[in-house]
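What follows is a single structure, written as structure tokens, with notes after it.
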Ligand code: PEP
Ligand code: MG
């Protein structure tokens, strides 16, 4: 007999490791049930059922008997009956994907209510107000989620009910007024052309259908895209006995993080509302009170909650985000999940838990994602700048944001998408605003707490957010907000400090970020785990110092041509480039040599004790050629036969001669050294002189000299000889002992293919994957990105731009060949990468597979690379 697939699991049948099948919420509810925590009875319809739902028409009908049986089991546990007009069981129906997507999909509470059951509920609870409050909520939520009736009419009518009753808060509306509200709510549904189902079983079926449907709403799709969540996951449906936080003042509901999701501080961080249901807390309509005050309001409940929160944290060995409800003094846990957190909170929580002995160093390091490190390196507001603070809200998501005020999510998405810096200002945000939040620099809301939608989403996106700035009065129609006598218009500049909640009028200067102790320690642990070192690409002593302070263990690429870009040097360089005789060239080179030696002295000193890889000149020649229009202009007014005019004309002729159609494939790299050896000789001498001078002073200098764009063995052989001879002369002259290496970049497919031949002369290889990508694809690295690569990515030709993320199949395959061939000739050959990919997490993971010795990237990416290298070694990053 073929066993039929099981699509429904009771809580007692699941566990935390079943999240793929049961979704995160379901798996954790089952786990909490298992360890005896107070979870209301319920069951889960699996994510596999979601797949079937999208494949098969009428799938839900096919599993209906099982749903009925599961409800019957819940009825038994809850001691209530679904649809009964005596002691009715009400349920919540909530979505739950394998990874959490806060607020992205749908929830229906109080399902099972109709005109009969509401009366029974009023009777059994002894509270008519509560019963009708639950009923009106149910009609509103069900109509929104299932029937897709516009919410606005319900909100208007609710506001009217408050007015009729002369109260400000929903929970103060009396029963009589709520009864009228329910009648009118049903009318709104009818006017929208829908029928509100009165049969609880029909309600349940439609709700399950809506949850499955919600997996493919535009907002869920956008969220998945932003967060790289595969569409194949699907969502489970959780059907759980309702417990009520809206039964009076000994009831309430809240959400709580076991540690601060904002800065990681180890204390309960949450908020709750008395006499309310779950959606009131996250919707941002009522601003909830901090969890600490629960200790006074309900001391016993607080004690129990504190115990469970710590227990869950120890159980999951991670900071938890918990939803709870208190019904008549009894605490229920409705959900727990690993709490989303900002980058700085992630670092602090990981390191604190490591120190507390809760997790090991490997786990601590893998708790931080490379993208989060980028957030830590975001600029901060200059603390010395004058702050024209207009209001202080809640510090909901840290960091600094500066931009122009916009009030509409669509507009924020459009303008932000075009690169304009905008700040989204809203009374509160909803999941439909996600695209605007994503494109804005930061978010300001006048309502909602630290766990409001805006706060949660902003933290997830690493965007600064100030929420709950209640005194901000927003006029969406006029496009203004006012606070404390100041009126701010659309397009005015605003600065947010999400770290402390300051809202500042105008623009504030930003400064470079600082490393804190936890982050330093985390990266040191990462270094111990990594198989590869992280070096930096640095051309100046200042860059070298920065790289070293960020933890670089060497310089993997010092581009010497950049040294000649400075205003006072460029003319000398140009004279050298256009020189027609060796003497002329040598005369200019002498001047350049003095400057070069200075440069190297500075860099070597900054990197004392660590290797510095200096690449000999590789100028795409056109960058150094004098501009012909400028020369022609300089000729104006000069007598044609004058010496000056003659010189200019000669330069023009030489510039024309040197002009190339394809400079990137032209007279570059070692080709220059082959044709004009005096250039490389000068550079080698400057390097050796600087290194020997410092060595003489007692510093440990480790220079490695790198030959660019080598494609043949002969090039490598001649250049090595030239460098060695120059070195030998300087070393002899200065009488110091200096160890150095001469190696090459692998940046041409041919170099990769003949790497064994090159390794006979090259003591190290460094993959120049910028050029290697350019020459492997035949795409100009200067043009392709602006011309067609963007569209290629959109069309799906590439998942990502191959100049940013290494193309493993092509460029990577060449690297693999080069690694194999290089090692076959020189087993211990030092291997590294210095193209831009050296700072890209996925590319770093690939380098780890090839067992390179180091990756080298720009100084600011060093921390990201250090973490990525560790994650690659742990197999977390593949
Ligand atoms: C490379 O080609 O990857 C490289 C590092 O050299 P450059 O970017 O200077 O050409
Ligand atoms: Mg290159």
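Glycine residues also receive a Cβ, built from the backbone N, Cα and C atoms like all the rest.
Curation does not apply to TrEMBL; its annotations are automatic.
Fair warning: this is a prediction, and the values are worked out from it, not measured in the lab.
TrEMBL lists 615, 747, 768, 769, 770, 771 as binding substrate, and of 546, 548, 559, 685 the one it places in that same site is 559.
Contact check: the domain 'PEP-utilising enzyme mobile' (420-501) against the domain 'Pyruvate phosphate dikinase AMP/ATP-binding' (21-58) gives fewer than three Cβ pairs closer than 8 Å, residues 6 or more apart, which falls short of the contact criterion.
With 559, 615, 747, 768, 769, 770, 771 listed as the residues that bind substrate, the site has a largest C-alpha separation of 15 Å. Computed over the domain 'Pyruvate phosphate dikinase AMP/ATP-binding' (21-58), the whole-number mean pLDDT of the model equals 96. Taking the C-alpha positions, the distance from residue 615 (substrate binding site) to residue 453 (active site, tele-phosphohistidine intermediate) comes to 51 Å. Stretch with the most C-beta contacts under 8 angstroms to the domain 'Pyruvate phosphate dikinase AMP/ATP-binding' (65-288), considering only 21-58, 303-356, 519-870: 303-356.
Sorting the domain 'PEP-utilising enzyme mobile' (420-501) by DSSP state (H, G, I as helix; E, B as strand; all else coil) yields 18 helix, 28 strand, 36 coil. 768, 771 are the recorded positions among 453, 768, 771 whose C-beta comes within less than 6 Å of an atom of ligand 2, given in sequence order.
Other than 559, 615, 747, 768, 769, 770, 771, the residues of this chain whose Cβ falls within 8 Å of the Cβ centroid of the substrate site are, in sequence order, 557, 618, 708, 709, 745, 766, 767, 772, 834, 835. Distance between Cα atoms for residue 769 (substrate binding site) and residue 453 (active site, tele-phosphohistidine intermediate): 42 Å, as a whole number.
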